Amino acid sequence: MQSYFAASVFATLTSATKLTIYPKQVIKDQPVTFVCEAEPPSSTVTYKWLRNGNTIGTLTSSKWIIERASLDTRSNFSCIVETKNGSISRADIFVNVTARPGFIKKLRPYYGFSDTSTNVSLTCIIECYPLCNILWYKDDKKIDVDNPLYYLKNDTFPANYGTNDFESVESTLVWNLKNWPNQRLNKNDSQTKYTCKSDVESTTHFAVEYPPENITLSANTVVNVIENEIPDPVTCTAKGNPEVDYVWKHTPTGVVKATTQTLRLGELSRDQEHNYTCQASNKHGITTTELYFNILYKPSCFIELDKLDDEEVLICEADGNPNDFRFNWKLDSSDEDLKDVVIHTDFHSYVVLNSTRHNLTNYQCQVRNSVGVGNPCNRTILSKPFQIDISGVSNSVKEGAEVVLRCDVTTTFMVQINWYKNSKLLKNTTATTFSNKSGIIISSSFLRFTASRTDSYARLKCSATNKILEKYGIPLEKTIRLEVVYKPVVRLTSNETTFVDGKNQTAVLLCKYFAHPISPVTASWLKNGAVLKRMNGKYTFVTQRTLSLIIANVTKEDIGDYRCVLSNSVGETASGSLSLDVLHSPDVVVTMTPSFPSGAFFRTENIKIILSCKVISGNPLSLSKINWFVNDSLLEDYISHKLYQPQVGKVLLSNDSRVITLVDVSENYVNNFTCQGVNKVGPGPKSEPLEVKISYPDVPTKIIQHPETVFKGDQVTLECSIDAGLPSNVTYFWFKNNRLLDIHTSKWTIKQATLELRRNISCFATSDKRTSIPATTSAKILARASFLSRLKPYTGVLKSDRFVSLTCRVECYPICAILWLTKGQVIIPDALYDISTQVHAADFVRNDFESVESTLTFSSNQIQDDTLYTYSCRSVSPTLYDPDVSASTVLALEYPPEDVKVSEVFVEVEENHVPKIVKCEGKGKPLLNYVWRKASTERVVELGDTLSLGRLSKSEEGNYTCEGYNKHGNQSVNVYFHVSHYKPICSITFGNLRKQQALICDAKADTQDVAFTWKANSSSGSLQTLHAITTKSRSFYTFNETSDFSRSYICFVRNSIGEGTPCATFLPRPPSPAKIKHFPSQVLKKSNATLECSVDDPGFPKNLTFLWFRNKNSVHNSSRSTWNISSVSLNDRNSTFTCRVKNEAGLSPQSDETNLNIVAPPRFIQTPPRSLSVYYDYKNLTLTCRIECFPLCSIIWLKNDRYLDTNKSKLYYVEKSTFGANYEENLFESVQSILVWNITAFSGKVLNRSEPISKYTCVSSDSANIKSRPSFSSVVVVESSLSSATKLTIYPQQVIKGKPVTLTCEAEPPTDDVTYIWLKNGHKVANLTTSKWIIMEASLDTRSFISCITETKKGSISQADMFVNVVAFPSFITSLKPHYGFSYTNTNISLTCRIECYPLCNIVWYEEDAKIDTDNPLYNIKEEIVPADDQRNNFESFKSTLVWNLKNWPNQCLNKTSSPSHYTCKSESFFRNVNSTTYFEVEYPPENITLSTKTVVNVTENETPDPVICTAEGNPKVDYVWKHTPTGFVEGIGKSLNLSKLSRFEEHNYTCEASNKHGVATTELNFNVLYKPSCFIELETIDEKEALVCKPDGNPRNFTFQWNLTYPDKDVHEDIINKDSYSYLILNSTKRNLKNYECHVNNSVGVGTPCTKAVSSRPFQIDLTGIAGDVQEGMHVRLKCEVKATFMVQIRWYNNSKRVENTEDPSIATVSTNKSDIMTSSSMLKFTASRHHDHASVKCSGTNKFLDDHGIPLEKTLRLEVLCIVNKSYLSHL
């Protein structure tokens, strides 16, 4: 801090005073004593002490003791002795203080430098005055200055008064590495001791460090281990300094397995890859080595069916380690080995299949290796052909639609078809029907049902089975998923419904729904029936996964009813309403009776003032307490304070706390009153202060407007009128919004009246003696009617809109009205029309006066299609002189596109032919436009309604979309172009064939005769044919590392149509060596830099991944070739960067290293004061600038904006110095320049008083061509001691920021002919020529040197100068937030306050009202003085940061169980103090999550389970979400899970997710749904006996069974066995006829519905005979149907499913005979064959009542082939 003083001037006297000092040599931090003696000695002496000319006010004794000498003691001291008789004498002495050597910067105990370091140095800084020398020692031996291995850099620094550091010496020992062996440090050198020494010394231990190297393992890099055995430990060793740390990682995953040298593992399995990396590291680098455990295990196998040389083969492929395989084949029905048809290779064994094999054959393959024998594998072969298809549904179906599915099974054997839904057997299916042709049996079955939402995504399976398929577990089935679409089902919930304002609470409204399609779902939110619009920071609409509305920081404005409306492509659904209530503290206002304008002056005598505190708003409105404040102090504290003066005015309290009374109020009474209401939510904000100010009035002022009535845009004149009382020489001051205007006349004319004139306009008048009372008004400006929002000439109404809304907005003042008209008639609001009106306040930003907005709303049903309607709005003014305005619109009905269709939906065309033209048409208004696109792309094919394509290739096959659109929407329809008869299309991929790398060529063609040929280009340019392995639709070319990777490999494909376009590729290869560069080439500090990695050859394939390294450490991987480094720092300057590139084939070599060229643009880090005032005889005047810049810059000085050449001028000189980089503060190198006034060169050895004000500027030179030359200016004022003839006064004496200040300039003696000139910091103030200068709000700019120059007409000039210092009362720039929450794992915890205050204040911290001392071990307090900021008008400020010193806390972290605390930062100053308090909590993620029930809950089906409560510990408050575990759908928000009735058909697993901002904890809940059993009966063979098996489904499975016989109605005598939850009824082989069995199943839930099964005795047979081949037209056909069974049947005939009835032909009747209890029923069908019988299906069906009732089919069908006879005339006709 600069000291200022004024030297006293004395006459030259012979001194009679003696001044002595003890000791003679003054040493820093030692005591020093001054003794002043009068000569001769006298007891009547007064002593006065001065330092540097400044009086020491409190020191009057003859002795002055300074306890600790400092840099400030180095000064001129004076002692003045005055006797009672007026004799004065003086003695002077200059005290020079020395400083013994002491370290400012000493050596650290240890320094380690890398052996690759190029800049190696050690630095010491020693304070000593007089200056001393520093010597360096290595291992106690002095290092000579001519030692070639080192050189010294020495520098000196001036004293620093701010830190009390005396002059100091800096010495740096630098390693001259170019003279060292290999020009680098020797990493094999042992540790060395270096010492810097003066009278004090500092020693360090110096070591050469290097990264780990020579890494080795105690075992081979590949170790064989048998599966499930434990391998021996493996030890890793490496050399390095500092000591090497070891980490073992699992190479594929990066998971750490050990942090020691030795890797110890448990049992190893083949399921994981056992590659491990030993990573040896220290701070200089990392080296690694790999270890692989080769897991040996017995072989396993599987069998595939394939073709080899057009023969079907079974391939047994083995997997084992090692692969020394031996294969053995067997047939399931034989114990003998297969040998003749077996072929063995290294990894495979082939069995050639016999083409005459029977239906089902099971083959077994067993493999062994040197480890052991593996488990055999099996394959059962089905005869060909067989096929299973499901038809009936192509796309999705809507809920409620009828669904019919058909299943057709084509085999060579009989099967029974069953239908399953989600693995459950279905009953409502048709029986299996059979047809036989040429040995191929087609079995069919139908499934019919009505689609419901529960069927969506149901798995419907058609399963065909027989005994053989069941025995070998061969599935013959097909499954489809049914997609059922339905509109959303919606339920609205919320985390809470009641909130408290100001608690920063968040409301989460969850719109829970299920729908299909689940997306896209359109959601809208309504509040009180109106659509909510997005508001950043307030409303968040979550549209992913769960639809929710998040209302941040819930306030009282959020009270209301909310709904969500969801719609999908099926329909729209709205939720029920949900009400939110917000409690909030009360808002109050202070009213005064009698009422006076705020700040008014009034006369008073015995006045009684009543102040009332009234509630404006609050929820609840009732108050529990009212607090009154006087000047921000509680009323109770104010009354009890010593400053309370009842004689000026008394404050009376009453029983009603809402009212206080002021009595006996006298003149000059000024106080501010505020009140605060408290309800159950808490205290509300304080009311606006009401100032009660009592005074006697001065001269009144009033403002008159001319003319009285003025419209917007007209001219208006305002006049400032005063009553008599001021002299004629009056100056007027005008203000607008409290801002002074440059208008000083009584009248102010405004050319165009605007809304701004409505704001406060003030004026007052002033003379030399008095000032009038300011008058305030707002101009009365009217606005003629004009549209702000008018009707459009045309309005289109969507047909789907329920209502039509038309809006007009008219600006008018006074407010006008708006009428609506149609067909010339005024519209009156009624049942058809609704009119809403809103009055808008004036908008000062847009200069819009008050306006009225009217909206006409009516139903769109009133609008007919193809009809035009006219509606008008018209203003109606309340005044006669304001004309009305009107606007009209024509309205018509519109609708989006519909019924868009194409003339063809499927077009077939041969390749390279032109397809037919397709037309597109649709309806819509406005009329539709059309665009054609290739489906699933944005490529436009055609504009217009006609699609006319050229010749099509196979690649252009597919859907083409016609989109019809208008402004309301679009609708699309597809036409599919199928290209047939095309050449094959090929594609090449990479893969493997038999564990070898391979190129795979796949072909697509519409014929099966595809042939493949592989070729590769040779060096001569010709193509060489390659050998490949080919199947029907693909071909494999295998390769290895010896293959030629430079050649291209081509796959040719052809079929009977021709040869397709060949496919070409290269063999995969890794990229070439990586290259790295950075840009820009020169990077500015704190700017962004980009690194780019590239390769000359990207290898193949070209999908590259880039790996980035900093200082050889991996940073990150990316698919981008660039890496952006933001805000580069000093640490980045010393980093090296490399990269590598990877593709699927491998990794490129590493790039060369690169460094960022980082420069620091010039920036001031130390500046002189903005202004400096010194007396002319001041001796030590300096200005200091310090600038950070790299490369180093230089500093020049300007005086009054002109270059100051200190080399030529003797009046000044410059001291320069440089500083190294500071990595801790990210501070680059810097330069310092000190401009010193050479006082001895000035005239009279005093400063030049003829230049009272000068501006000095330090300017930086450009650094590194970055065109940045910052500068800083300081104004130096040299004050004179001359008496002035001008007097400059200021009111008030203490100028406060934000308060008014008045400067008054007076000529002495007073005269009327004076001209006034005002200067500010030496610059003339424009347009100010009066004797008074009023500054309405003092600011930082007010802190300046003010001069007033008076000049009389006679030419007499005089000047008065003053420095106006502005103080700033403490106020927060950065205060504490109301709440802070820190995670208990947080390692950086701090609170910061910044308080503006001048003079500077201090900040003290409190915890729960207890002061935190600076030596408290739990905290550190960091303090910083922030200079003033001119741009923000921020004065000097004090910044304090309270830092948690966690290393001294228990467990070195916060205690998450501790209770919250209050922390306060408070200012300490000479003025009023401010404080800020926060609520501090330790936060942690949710933990200890529990449920109110067990994790598995039993619930009976269709019952509602009890709510389940989820709880967890955590801070901040834990939020709970319940999710359906399988789908992730949200089922509830909040602790409680409330479900409706549960069904067995859904999976009822739920997850409770407890979360806060620090993490998530989960727990699972499962509802076990119990339900009564259902069952079905199947006929099976058990131990070669037929049995009925009753198979139940129920939960729990504690089943009891009962069998009944319903036909005939008899008891059941068969044997019954209950086993494994099934019941078996063994059928009697001697039974007769038909029986119907019923099975009843019960469990603990209840009695299930019985199931039935009808069975018949064996044997039975049905035959259809009479035709042995094709029949000719006209031939008589006789068909005989014969049924053999143990029961009577009636035979019926059907032709193409239509029953044949012929009562005249007796042969068609059924004839029955009985032989050996076998009933033979027969019937004949006779007819003449015609061409209409060709391909007809003739069916014979045997039935009776029992078979009909139970749906048992007994039938046989044949298909007729009729050969037609064609005569010649018919051929001629054709």
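All residue numbers here begin at 1 and follow the chain in the order shown.
Keep in mind that glycine also has a Cβ here, set from the backbone N, Cα and C atoms.
As written in TrEMBL, here are the features:
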type	residues	note
DOMAIN	212-294	domain 'Ig-like'
DOMAIN	314-383	domain 'Ig-like'
DOMAIN	385-481	domain 'Ig-like'
DOMAIN	488-579	domain 'Ig-like'
DOMAIN	586-695	domain 'Ig-like'
DOMAIN	897-980	domain 'Ig-like'
DOMAIN	1071-1157	domain 'Ig-like'
DOMAIN	1162-1263	domain 'Ig-like'
DOMAIN	1270-1358	domain 'Ig-like'
DOMAIN	1486-1568	domain 'Ig-like'
DOMAIN	1573-1656	domain 'Ig-like'
DOMAIN	1659-1759	domain 'Ig-like'
Model confidence over the domain 'Ig-like' (1486-1568) (mean pLDDT, whole number): 88
Stretch-level contact, the domain 'Ig-like' (385-481) and the domain 'Ig-like' (1659-1759), CB cutoff 8 A, at least 3 pairs: yes
Whether the domain 'Ig-like' (488-579) meets the domain 'Ig-like' (1659-1759): three or more C-beta pairs under 8 angstroms: no
Residues in the domain 'Ig-like' (897-980) grouped by DSSP into helix, strand and remaining coil: 3 helix, 52 strand, 29 coil
Per-state residue totals over the domain 'Ig-like' (1486-1568) - DSSP helix, strand, coil: 0 helix, 49 strand, 34 coil
For the domain 'Ig-like' (385-481), residues assigned helix / strand / coil by DSSP: 8 helix, 55 strand, 34 coil
Tally of residues which DSSP labels helix, strand or coil - the domain 'Ig-like' (488-579): 3 helix, 51 strand, 38 coil
